[in-house]
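S.K.: Dropping the structure in here first, questions after.
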Amino acid sequence: MLLASTTSAVPRTLSPPTPAGNGSRELLDTRDPLLVQAELALLSTVFVAVALSNGLVLGALARRVRRGRWAPMHVFIGHLCLADLAVALFQVLPQLAWDATDRFRGPDALCRAVKYLQMVGMYASSYMILAMTLDRHRAICRPMLAYRHGGGARWNRPVLVAWAFSLILSLPQLFIFAQRDVGNGSGVLDCWAHFAEPWGLRAYVTWIALMVFVAPALGIAACQVLIFREIHSSLVPGPAERAGGCRGGHRTGSPSEGARVSAAMAKTVRMTLVIVIVYVLCWAPFFLVQLWAAWDPQAPLEGAPFVLLMLLASLNSCTNPWIYAFFSSSVSSELRSLFCWARSRAPPSLGPQEESCATASSFLAKDTSS
């Protein structure tokens, strides 16, 4: 039998336990105070960053909804923000309280619910990005299918599938984790994972890495490559332009149309690189240390870099809203207007503020479709 210690969000929920002492006082006093302070500071920073950034983007989208300017891409950006807010509220915040008290303070039902919701947030954040990329692929490569399936609905099929998979794939957490005695009759309870076989922990960590990181990353990269090839093929005449790409695109027939497609292609290439690179950079360190801890009995579990990297499961939730807001001119213009509205509520200042707000308003008037 294998018991997994669970004193951080997902990392230690899946990692081998540190040796426990015989008494409850010894169990509670084993942590490095400086490392605990670093953990709390890191989790607090991540929580504020995730909540603030996603809240701002949701506020910008809400302004567009009130004005009747809701576009299909905004559906996915909105649900991605909701998924990332779930990460902040159900993963980072409980983990912050958990690290502050060392042991999980709550009944068994709360332990299972927290571990379940922590995993739901991880899955939903990754799968919403994948759903958004799949929808962009369908809209560009097979536009008729996109219209037929109602891509502009606020609850469309990819969004529902992403949430459904997140809820279903997180169910094992309800059965793996429970309030258990952390020592041999010590009387100290913590929210720990239990695996009947020694290989259970390794199998579970590997499965999570594949389903949360590897599979979505490959899907996102593949869709973005196909989107780029479709846009590129529309600029190249000839029967071979669809070979190896996707179907349903259209060819531009005028120089101005070609210029617009060239600009769209350049934007798509930039967005592809940013999405894939940021996604990999945010998730790779976390899952590398997870797999290392699961497969290597000699892993430095108590080292400060190791412990802090294990807390970065939600790092991608900090970057998601800004990536898509940056590449959506309508959302970025709404954010400018939102900032200007907040500044206009402050005491009057110099003229440049008014000029910047007017500029933001002009951006908003020009772009209402993206």
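Every residue gets a Cβ built from N, Cα and C, even glycine.
Given the structure is predicted, the values throughout are model-derived calculations rather than measurements.
Sharing the feature lines straight out of Swiss-Prot:
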type	residues	note
COMPBIAS	1-10	compositional bias 'Polar residues'
CARBOHYD	Asn22	N-linked glycosylation site
LIPID	Cys340	S-palmitoyl cysteine
REGION	1-26	region 'Disordered'
TOPO_DOM	1-37	topological domain 'Extracellular'
TOPO_DOM	63-76	topological domain 'Cytoplasmic'
TOPO_DOM	98-112	topological domain 'Extracellular'
TOPO_DOM	135-158	topological domain 'Cytoplasmic'
TOPO_DOM	180-199	topological domain 'Extracellular'
TOPO_DOM	220-270	topological domain 'Cytoplasmic'
TOPO_DOM	293-307	topological domain 'Extracellular'
TOPO_DOM	328-370	topological domain 'Cytoplasmic'
TRANSMEM	38-62	transmembrane segment
TRANSMEM	77-97	transmembrane segment
TRANSMEM	113-134	transmembrane segment
TRANSMEM	159-179	transmembrane segment
TRANSMEM	200-219	transmembrane segment
TRANSMEM	271-292	transmembrane segment
TRANSMEM	308-327	transmembrane segment
S.K.: Should anything in the same chain at least six residues away from the transmembrane segment (271-292) have a Cβ under 8 Å from its Cβ atoms, list it; otherwise answer none.
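M.R.: Same-chain contacts beyond the ends: 10-11, 14-15, 126, 129, 133, 205-206, 208-209, 212-213, 216-217, 220-221, 224-225, 227-228, 299, 306, 309-310, 312-313, 315-316, 319, 323, 327.
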S.K.: Restricting to CB pairs under 8 Å, which listed stretch, 38-62, 77-97, 113-134, 159-179, 308-327, is in contact most with the transmembrane segment (200-219)?
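M.R.: Top-ranked stretch among 38-62, 77-97, 113-134, 159-179, 308-327: 113-134.
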S.K.: Which of 38-62, 77-97, 113-134, 159-179 shares the most C-beta pairs under 8 angstroms with the transmembrane segment (308-327)?
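M.R.: Top-ranked stretch among 38-62, 77-97, 113-134, 159-179: 38-62.
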S.K.: Let me know how many other Cβ atoms fall within 10 Å of the Cβ of Cys340 (S-palmitoyl cysteine).
M.R.: 18
S.K.: Can you check what DSSP calls Cys340 (S-palmitoyl cysteine), collapsed to helix, strand or coil?
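M.R.: Looking at the DSSP assignment, Cys340 (S-palmitoyl cysteine) belongs to a helix.
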S.K.: Average the per-residue pLDDT over the topological domain 'Cytoplasmic' (220-270) and send me the rounded value.
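M.R.: The average pLDDT of the model in the topological domain 'Cytoplasmic' (220-270) works out to 65.
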S.K.: Which residue counts does DSSP give the topological domain 'Extracellular' (293-307) for helix, strand and coil?
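M.R.: DSSP composition of the topological domain 'Extracellular' (293-307): 7 helix, 0 strand, 8 coil.
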